[in-house]
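S.K.: According to TrEMBL, the protein carries these features:
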ACT_SITE  E52  active site, proton donor
BINDING   H50, C76, C85  Zn(2+) binding site
BINDING   A155, T197, D201, G289, P290, T291, I292, Q293, N294, A295  NADP(+) binding site
BINDING   R185, L205, E287  substrate binding site
DOMAIN    1-124  domain 'CMP/dCMP-type deaminase'
Amino acid sequence: MNDEDLMGLAVAAAKQAGVATWRNPGVGAVVVKNGHVLATGHTQPYGGPHAERDALSQLAPGQAAGATLYVTLEPCNHYGKQPPCTQLIIDSGIQRVVIAQLDPHALVTGKGVAALRHHGIEVVTGIGTQQAAQVNPHYNFFYRHHRPWVTLKQAVSLDGRISAGPGQRTAITNQAVYQRVHQERAGFQGIVIGSTTAIVDDPTLVPTPQLTHLPIRVVLDRRGRLADYPDRQLFRDGLAPTWVFTERKSLPDRLGPRAWVFVLPDCSVPAVVQVLAEEGVQSLYVEGGPTIQNAFARAGLVEEVLTYLSPVMLGQEGVPGFAPPETWKFQDQQLELLGNNVRIAERERQDV
């Protein structure tokens, strides 16, 4: 097997990390010596060992001496919840490290490579870069653009409606879509709705399966309408953090201790996204409603659109879904049939 093949094994290992890594990227590592794979590892749940440490922990002392390490992301060279992976690699006696992607995080970028080379380890970069980058799109985007990746999710009828009428909760999609949305939520660090959705639907927004770190439930309530609805599940179930953004100074006193209220002089979508970026939130799943989604679209803060299309028509009284301010075309489109519903995922937007 050549470098590309062995890096493919590391990428496959990285995908096994799943969403439990939370704010850490999912990384895969493979230790190879004399043409034989000695160990394979991946990032453990948040706060646990990184991929390099997971792989090397499977070997006896001295067993990795003279080996090659294939890793999908540049090894860290700083102390966080775990000690530096570079020092572990140096101490293990590994002679060659093949890296798919340099880490976009400013604490790491180039520093891991420099530390390894400083200690006489051969470092090769750029093998399997594209495949490795696809494992962590949210992480990569956040550290390159300094704001969260934003996905808009909508469930619509064939005539483009999201409910049968204003203020009405309408079940449009099937059970398969319901289950998929719960799974998708787990892959994001924040789930965004507006005050109308909180009032009318009274959702919990909790994903399945249960995770150690649940997504933050973000509610945009510029006027403070939720002051009259402190009984909503978001404010009393304690299942996950709830952050409310508003311009109404009295709102914190009305919602109780389970809501973390941000009172901003300007509660626009760009201002809220800036605060979330400063809080380290790397990704947002914007569920609605159309007012909130249109605001994200107008602000140019959309990287992906997920549309769940159901074979039903809700008529002229129905509430239309979000519409971008101009024509959007996407280079990356994926369609999937879920029972009698269709899931359309669109990325790499090009404004026309």
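Every residue gets a Cβ built from N, Cα and C, even glycine.
Caution: TrEMBL annotation is automatic and unverified by curators.
Model, not experiment: these values are computed from the prediction.
Map the listed features onto the structure and describe their local environment.
M.R.: For E52 (active site, proton donor), the same-chain residues lying six or more positions away in sequence with a CB closer than 8 A to its CB are V27, A29, G41, L69, V71, P75, C85, L88, I89.
Packing around C76 (Zn(2+) binding site) is summarised by its Cβ count: 25 other Cβ atoms lie within 10 angstroms of its Cβ, all protein chains included. C76 (Zn(2+) binding site) carries neither a helix nor a strand DSSP state and counts as coil.
For I292 (NADP(+) binding site), the number of other Cβ atoms no farther than 10 Å from its own Cβ, over all displayed protein chains, is 24.
L205 (substrate binding site) carries neither a helix nor a strand DSSP state and counts as coil.
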S.K.: Need one number: mean pLDDT over the domain 'CMP/dCMP-type deaminase' (1-124).
M.R.: 96
S.K.: Would you mind pulling the DSSP three-state label for A155 (NADP(+) binding site)?
M.R.: strand
S.K.: Using DSSP, what's the helix, strand and coil tally for the domain 'CMP/dCMP-type deaminase' (1-124)?
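M.R.: Looking at the domain 'CMP/dCMP-type deaminase' (1-124) with DSSP, the answer is 39 helix, 28 strand, 57 coil.
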S.K.: Within 10 Å of A155 (NADP(+) binding site), Cα to Cα, which of the binding-site residues R185, L205, E287 are there?
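M.R.: So the list is E287.
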S.K.: Using a 10 Å radius around each Cβ and counting other Cβ atoms from all shown chains, which of the binding-site residues D201, E287 yields the largest count?
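M.R.: Sorting the candidates by Cβ neighbours within 10 Å, the top entry is E287.
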